[in-house]
Amino acid sequence: MTKPLALSLGEPAGIGPDITIAAWLRRDAAQLPPFYLRGDRDCIVRRARALGVELPVAEVAIEDASTAFASALPVVATGLAATAEPGRPDDTSAAAAIGAIRSAVDDVRSGRAAAIVTNPIAKSVLYKAGFAHPGHTEFLAELARDGGATPQPVMMLWCPSLAVVPVTIHVSLRDAIAQLTTEMIVSTARIVVRDLQSRLGIAAPRLAIAGLNPHAGEDGSLGTEDRSIVAPAVEILRREGIDARGPLPADTMFHAAARTRYDCAICMYHDQALIPIKTIAFDEGVNVTLGLPFVRTSPDHGTAFDIAGTGRADPSSLIAAMKLAARMADASRG
Ligand SMILES: NC(=O)C1=CN([C@@H]2O[C@H](COP(=O)(O)OP(=O)(O)OC[C@H]3O[C@@H](n4cnc5c(N)ncnc54)[C@H](O)[C@@H]3O)[C@@H](O)[C@H]2O)C=CC1
Ligand SMILES: NCC(=O)COP(=O)(O)O
């Protein structure tokens, strides 16, 4: 891969700076592709000092990032200062985090970066500053519109032994049930199939479609949505030639033997999807956005304010996200 990955700063008061520094320090052992941070050089320098780490940091143009990567952590400036102390977001946090995402998208859309990897943002901090999107996933879809329709973004959490997709994402459980439709399940599954084929090289993806209710509704006695919403979606997908099975009782879908029978579990709400993968692979899970005209991955964890600046943040999930982004970008180039 010749082009570098664009890594967005994320919430400057979170562990994004810590894991960025740690990932760069492990670049050889982890065999990382070249990456640069889209953000604020001073923020990284301050964090390295707080961590007691000797870190060469080079502010560069994107074109020089891959070369600089061998000897310094390359930073491509957004022009937005990020002054927040570890664990304490401040008035610069939201603008710095959002600006870095926008810049990273510009970089990949203009063909100067291979893919985007995002550091975690604190959603509540951004919401307080007026951010109108539930998270990166929906914001990236908006940035991808390019004058046309907004693509449907699909959140997938991936690790080597499991991939999960929540059909409804950052909404309350009550709203997730109210919003769930057959069409949402079908359109989500179609995007999953297309991107697993084109970006992960799975020729005929096998989908396991979770039921919504306990025991997938127990023949309608524990809720009717599995019969009226989920089963018709499975039927439509099968008629299209997609290898989809369900609705399956969610409690027995995720044990080791069951996981070998599908390539991706399509789940009805956030925690149904994210609890199993964060339980088995919190350290190496990757969040991927499917359905976009570019590749975006992210660590599976959040801003971890409780340990920012302490040296306890584990960069494994970020490292996995970078490796998966490079693999997907390579596959997309054919
Ligand atoms: N992609 C993103 O931007 C994501 C952002 N978030 C945001 O993160 C914020 C905090 O969310 P929480 O639910 O507290 O989850 P969290 O993942 O930030 O933290 C949960 C627990 O795991 C620990 N932890 C997380 N990452 C770690 C790492 N790399 N190494 C060692 N320990 C780690 C934390 O210290 C904490 O005890 C929220 O504002 C949420 O919106 C959460 C998930 C993803
Ligand atoms: N729970 C996953 C998460 O919060 C990631 O969301 P996003 O910012 O990647 O949309």
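Glycine is no exception: its Cβ is also placed from the backbone N, Cα and C atoms.
Residues annotated as substrate binding site in TrEMBL: His136, Thr137, Lys278, Asn287, Arg296. Feature annotation from TrEMBL assigns divalent metal cation binding site to His170, His215, His270.
DSSP assigns His270 (divalent metal cation binding site) to a helical segment in the three-state reduction. Screening the binding-site residues His136, Thr137, His215, Lys278, Asn287 for a C-beta under 6 A from any atom of ligand 2 leaves His136, Thr137, Asn287.
Secondary structure from DSSP puts His136 (substrate binding site) in a helix. Annotated pair Arg296 (substrate binding site) and His170 (divalent metal cation binding site), C-alpha to C-alpha distance, rounded: 18 Å. Looking only at other Cβ atoms within 10 Å, the busiest spot among the binding-site residues His170, His215, Lys278, Arg296 turns out to be Arg296. Ranking the binding-site residues His136, His270 by other CB atoms within 10 A of the CB puts His270 at the bottom.
The DSSP secondary structure for His170 (divalent metal cation binding site) is coil. The closest partner of His136 (substrate binding site) among the binding-site residues, by CA position, is His170; the full candidate set was His170, His215, His270. In the three-state DSSP scheme, Asn287 (substrate binding site) falls into the strand class. In sequence order, Pro153, Val154, Met155, Ile169, Thr289 are the residues of the chain that are 6 or more apart from Thr137 (substrate binding site) and have a CB within less than 8 Å of its CB. Here Asn287 (substrate binding site) comes close to Met155, Met156, Leu157, Trp158, Thr297, Ser298, Pro299, Asp300, Ala321: these same-chain residues lie at least six apart in sequence, with C-beta atoms under 8 angstroms from its C-beta. The secondary structure of His215 (divalent metal cation binding site), as reduced to three states from DSSP, is helical.
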